[in-house]
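Engineer: Sharing a structure below in structure tokens format, with a few things to ask.
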Amino acid sequence: MPIATPDEYNAMIDAAKAGGYAFPAVNVTSSQTLNAALQGFAEAESDGIIQVSTGGAAFWSGSSVKNMVIGSLAFAAFARETAKGYGIKVALHTDHCPKDKLADFVLPLLAASEAEVKAGRDPFFNSHMWDGSAESLEENLRIAAELLPRTAAAKQILEVEIGAVGGEEDGVENAINEKLYTTVEDALATIDALGAGEKGRYITALTFGNVHGVYKPGNVKLRPEILKDIQAQVGAKLGKENPFDLVFHGGSGSSEQEIADAVSYGVIKMNIDTDTQYAFTRPVAGHMFQNYDGVLKVDGEVGNKKTYDPRVWGAAAEKSMAARVAEAARQLGSAGKKL
Ligand SMILES: O=C(CO)COP(=O)(O)O
Ligand SMILES: O=C[C@H](O)COP(=O)(O)O
Ligand SMILES: [Zn+2]
Ligand SMILES: [Zn+2]
């Protein structure tokens with residue numbers, strides 16, 4: 001099956017951790033961006049992770065519907081079928097879910113997967129993210145500790161965010177503030193609250209200056225070395241090397257060195273969205289400008305159907321986004337890594 005089973009997802013993450021590589025986790029918002037991501041993983045001969053944000057899930061349900069549960073389940077169903085054509089395996093994930101969206105996103109999806117597992121089937125999603133970064137650490141960990149036994153029982157993995165990712169998604173005032181850098185104390189509190197795997201598997205976005213989106217050089221100061229320090233100090237306390245399986249948010253615009261450093265400190269999943277959105281759209285813009293008189297009906301002219309057929313510019317968009325995904329797989333070291 002092209003969608004990772006729970007055991008296969010665990011095996012993917014374990015292999016990445018042991019092998020010193022990470023998987024791109026690509027945000028998708030449509031059948032075309034989903035196929036583009038799958039094409040990119042196939043080109044790189046890489047397994048991968050495909051995810052929907054709250055906004056992306058709503059968009060999947062139709063821009064006039066905006067229902068995150070309908071959109072998420074539609075995405076998962078479509079992915080289960082279309083992934084059969086690519087020869088790689090992907091895990092399905094839901095991205096940042098803040099407290100005010102739990103009731104309309106992660107909780108109903110979790111309940112739907114609990115019913116699937118009770119019926120002897122795999123969960124709809126391999127993992128869900130709870131994003132408590134806007135809450136106090138205590139509240140963040142309290143809710144995470146409530147969710148963890150449920151995701152574990154549903155054969156899923158929980159992603160948590162300890163610290164905060166900057167950028168428009170978290171509404172940070174500026175790209176650099178102290179919340180963007182997780183402390184050892186916060187990491188230790190996470191282990192106290194969630195255990196080290198014995199209460200259920202979780203992956204952790206410890207933040208090291210991460211910012212969603214792409215900014216001019218100098219605005220974002222990634223400090224992946226704090227991951228090394230946290231892994232060392234918490235690992236020493238637990239007697240376990242690199243105790244956290246880490247998630248790198250805000251992957252777009254990151255340098256190869258920053259990515260390599262973060263992966264060497266235990267990152268197994270890097271989220272990428274802004275760069276892939278641009279990669280998808282850039283050829284569409286070119287197509288429209290180059291075929292101005294074909295895509296527009298001007299002065300009674302009927303235009304040229306072969307230029308405004310969505311499959312024409314859509315194929316170019318998919319190809320371009322696929323190339324960006326394949327590049328991410330190569331940068332992260334997952335290229336050539338398939339179960
Ligand atoms: O972190 C992300 C999704 O959760 C993606 O961030 P970018 O848009 O910066 O790649
Ligand atoms: O986490 C942020 C991702 O980039 C998704 O954001 P989005 O709401 O634009 O899809
Ligand atoms: Zn966040
Ligand atoms: Zn993110």
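Just so you know, glycine gets a Cβ as well, placed from its N, Cα and C.
These figures come from a predicted structure and were not determined experimentally.
Annotations for this protein, taken from TrEMBL, read as follows:
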type     : residues                                                       : note
ACT_SITE : Asp95                                                          : active site, proton donor
BINDING  : His96, His212, His249                                          : Zn(2+) 1 binding site
BINDING  : Asp131, Glu161                                                 : Zn(2+) 2 binding site
BINDING  : Gly213, Gly250, Gly251, Ser252, Asn271, Ile272, Asp273, Thr274 : dihydroxyacetone phosphate binding site
Engineer: Can you tell me which of the binding-site residues Asp131, Gly213, Asn271, Ile272, Thr274 is spatially closest to His96 (Zn(2+) 1 binding site)? Compare CA atoms only.
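Structural biologist: Looking at Cα distances from His96 (Zn(2+) 1 binding site), the smallest one goes to Asp131.
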Engineer: Could you check which of these recorded positions, Asp95, Asp131, Glu161, His212, sit within 10 Å of Asp273 (dihydroxyacetone phosphate binding site), going Cα to Cα?
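Structural biologist: Matched recorded positions: His212, sequence order.
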Engineer: Can you go through the binding-site residues Asp131, Gly213, His249, Asp273 and pick out those with a C-beta less than 6 angstroms from ligand 4?
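Structural biologist: Only His249 qualify.
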Engineer: Round to the nearest Å and give the CA-to-CA distance linking Gly251 (dihydroxyacetone phosphate binding site) with His212 (Zn(2+) 1 binding site).
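Structural biologist: The Cα atom of Gly251 (dihydroxyacetone phosphate binding site) is 8 Å away from the Cα atom of His212 (Zn(2+) 1 binding site).
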Engineer: Say we define neighbours as other CB atoms within 10 Å of the CB. Which of the binding-site residues Ser252, Asn271, Thr274 has the fewest?
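Structural biologist: The binding-site residues Ser252, Asn271, Thr274 were compared, and Thr274 has the fewest Cβ atoms within 10 Å.
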Engineer: Which whole-number value in Å describes the distance between the Cα atoms of Asn271 (dihydroxyacetone phosphate binding site) and Asp131 (Zn(2+) 2 binding site)?
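Structural biologist: Taking the Cα atoms only, Asn271 (dihydroxyacetone phosphate binding site) lies 14 Å from Asp131 (Zn(2+) 2 binding site).
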Engineer: Rounded to the nearest angstrom, how far is the Cα of Asp131 (Zn(2+) 2 binding site) from the Cα of Asp95 (active site, proton donor)?
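Structural biologist: Cα-Cα, rounded: 8 Å.
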Engineer: Other than its own, how many Cβ atoms are within 10 Å of the Cβ belonging to Gly213 (dihydroxyacetone phosphate binding site)?
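Structural biologist: Excluding its own Cβ, the number within 10 Å is 18.
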Engineer: Nearest to Thr274 (dihydroxyacetone phosphate binding site) in three-dimensional space, by Cα, is which of the binding-site residues Asp131, Glu161, His212, His249?
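Structural biologist: In terms of Cα distance, Thr274 (dihydroxyacetone phosphate binding site) lies closest to His212.
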Engineer: Between Gly213 (dihydroxyacetone phosphate binding site) and Glu161 (Zn(2+) 2 binding site), how many Å separate their Cα atoms?
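Structural biologist: For Gly213 (dihydroxyacetone phosphate binding site) versus Glu161 (Zn(2+) 2 binding site), the Cα atoms are 17 Å apart.
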Engineer: Starting from the Cβ of Asp273 (dihydroxyacetone phosphate binding site), draw a 10 Å sphere and report how many other Cβ atoms land inside it.
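Structural biologist: A 10 Å sphere around the Cβ of Asp273 (dihydroxyacetone phosphate binding site) contains 24 other Cβ atoms.
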Engineer: Around the dihydroxyacetone phosphate site formed by Gly213, Gly250, Gly251, Ser252, Asn271, Ile272, Asp273, Thr274, list the extra residues of the same chain whose Cβ is within 8 Å of the site's Cβ centroid.
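Structural biologist: Going along the sequence, the neighbours appear as Asn27, His212, Val214, His249, Gly253, Asp275, Thr276.
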Engineer: Cα-Cα, whole number of Å: Gly250 (dihydroxyacetone phosphate binding site) versus His212 (Zn(2+) 1 binding site)?
Structural biologist: 4
Engineer: Please report the Cα separation of His212 (Zn(2+) 1 binding site) and Ser252 (dihydroxyacetone phosphate binding site) in Å, rounded to an integer.
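Structural biologist: Answer for this pair: 7 Å between alpha carbons.
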